Amino acid sequence: MILTVDVGNTQIKAAVFEGDTILERFVFDKKALEKKIEKILEKFETIAHLVVSSVAYVEKQSFLAFEDKVKVHFVSNEDSFPFSNNYGTPKTLGIDRMVLAAGATLLYPNQNRLIIDAGTCVTYDFVDENNVYQGGAIAPGLRLRYESLNQFTAKLPLLTLQSPESYIGKSTAESIHSGVVNGLVYEIDGFIDEYKAACTKIIIILTGGDADFLAKRLKNTIFANSNFLLESLSQTFQYKIKND
Ligand SMILES: Nc1ncnc2c1ncn2[C@@H]1O[C@H](COP(=O)(O)OP(=O)(O)O)[C@@H](O)[C@H]1O
Ligand SMILES: CC(C)(COP(=O)(O)O)[C@@H](O)C(=O)NCCC(=O)O
Ligand SMILES: [K+]
């Protein structure tokens, strides 16, 4: 049994895996980290490995504190991955993006793959059918868009996520919801259209905290799986064990 932990810039996601099956999934914030891990390890006594991928500031010690109970692994850019990397700056490629690319490569062999992760940022990652990671894009996520409109203007309020009625906003609030939500939806659909035009066959995976909210609003029908990063983390770990 393994415990995978994904430390994002907004929140921490974790899942207990028995083989490829998720037994339980957890979402919590950084402040709760050690207490949560302790509770999970108490509940699932047969967890042998703790596999961590982090793009945010958390002390390694918060995980190493459990070394007497489990083997702790921090996935890093130096690990072996099932794709070759054509990114210009491979050392600065986010480890979450590398893990997503690895998961897509292993779970969807011999095809072009686009992974869209709608979290704090919206990241796009493309691994081609020859298992070459080619790159993608980084854009602000939904929450970040609402917050930056508020932070960088004098007059715009901070609103919480709400589905716009129409693309024509009839008030300040409606205009913001339309700009943020419809803007991101059109953006994602636009990227998908570009990739589809360039590749005859491509699998597209949408993940992240806003995946379900966005999936039903896209013009393109695509598969939303909010557990894809955790599943990819489990795949990456299994790959590493086999190849080390
Ligand atoms: N309870 C929540 N707390 C914070 N963000 C949430 C919550 N539920 C949904 N979200 C949305 O999920 C996004 C964060 O997604 P997530 O994939 O967890 O990000 P990250 O991996 O960057 O931490 C936020 O932009 C927000 O719109
Ligand atoms: C782009 C990111 C901030 C996304 O983080 P997230 O939204 O998952 O919290 C992260 O993947 C990162 O720090 N990347 C480094 C730059 C790069 O990937 O090229
Ligand atoms: K992301």
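Here the Cβ of each residue, glycine as well, is placed from N, Cα and C on the backbone.
All annotation found in TrEMBL is predicted automatically rather than curated by experts.
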Write down the one residue from Thr92, Thr105, Thr120, Thr123 that TrEMBL lists together with Asp6, Val7, Gly8, Asn9, Thr10, Gln11, Ile12, Lys13 as binding ATP.
Thr120
Running a distance check here. Ligand 3 versus the binding-site residues Gly8, Thr10, Gly94, Arg97, Thr172: which have CB less than 6 Å from one of its atoms?
none
With the cut-off set at 10 Å between Cβ atoms, which of these binding-site residues ends up with the most neighbours? Options: Thr10, Thr120, Thr172.
Thr120
Binding-site residues whose CB lies under 6 angstroms from ligand 2, from Asp6, Ile12, Tyr87, Ile95, Thr172:
none
Listed binding-site residues are Ile12, Tyr87, Ile95, Asp96, Thr172; which sit with C-beta under 6 angstroms of ligand 1?
none
